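Reading through the structure tokens given below for one structure.
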Amino acid sequence: MARNAEKAMTALARFRQAQLEEGKVKERRPFLASECTELPKAEKWRRQIIGEISKKVAQIQNAGLGEFRIRDLNDEINKLLREKGHWEVRIKELGGPDYGKVGPKMLDHEGKEVPGNRGYKYFGAAKDLPGVRELFEKEPLPPPRKTRAELMKAIDFEYYGYLDEDDGVIVPLEQEYEKKLRAELVEKWKAEREARLARGEKEEEEEEEEEINIYAVTEEESDEEGSQEKGGDDSQQKFIAHVPVPSQQEIEEALVRRKKMELLQKYASETLQAQSEEARRLLGY
């Protein structure tokens, strides 16, 4: 096939083709597909476009053409593909077959379509151009997301801050901050002391007297304390050492007697109650 294509491109072959076409009026393909009103001509122009696409696809396979020539050929092929689609729509409008459904799929043979790039395709050596190869590389899968249990397994003392002092950085900083804070407190105490001295000796004497008499006890307080001690002694004298506690049997007998009295008061007459009381008294109960 390559040998036949080379023969067709020789000067003799082109001269012979020009001789055969002399005297014929070469019909030019309409710029717009909508200008064609005949179905056979629309089919003819579609076949012509497919032939041009095939020639350019064969040329673009040669990687030695150079980057700019390969890009131009790829643009021309995409332009012809769009034009072919217009003629297929026009053929369908004129009552012809729907090549969009019944036509062969050309993506696998003619080029790869970049997703989201409005149908622009790359053919032959154009797939290996700088910046194009990366478009067809698959993105690496994101790392699997760890569950909460897996994250908790990796938690140690360092997570809670127990090892912060081992880095040798935080301890010197804390010591420096502590020195600074102590110096500030000392300066504050000195300023307060100087302010107290500036107020006068009288206030100092009053403060000293208050400090001296802070543990002084008045007569009223001493009397109250004495009365409390006496009261404590009286309470100790009145304390009863032993209180007899009734046994379980004595409690049951008392309950039985109480129940009997309630029944007698409820059902017996006054005369019968008086007789029973007298009998109990005589018997010694």
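Backbone N, Cα and C define each Cβ position, glycine as well.
In the three-state DSSP assignment, the secondary structure recorded for LYS127 (N6-acetyllysine) is helix. Feature annotation from Swiss-Prot assigns N6-acetyllysine to LYS127.
According to Swiss-Prot, the region 'Disordered' annotation covers 194-244.
Under the heading compositional bias 'Acidic residues', Swiss-Prot lists 203-226.
According to Swiss-Prot, the feature compositional bias 'Basic and acidic residues' maps to 227-236.
According to Swiss-Prot, the feature phosphoserine maps to SER247. For SER247 (phosphoserine), the count of additional Cβ atoms within 10 Å of its Cβ stands at 9 [all protein chains shown].
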C-beta crowding around LYS127 (N6-acetyllysine), within 10 angstroms: 17
Local backbone state of SER247 (phosphoserine), from DSSP in three classes: coil
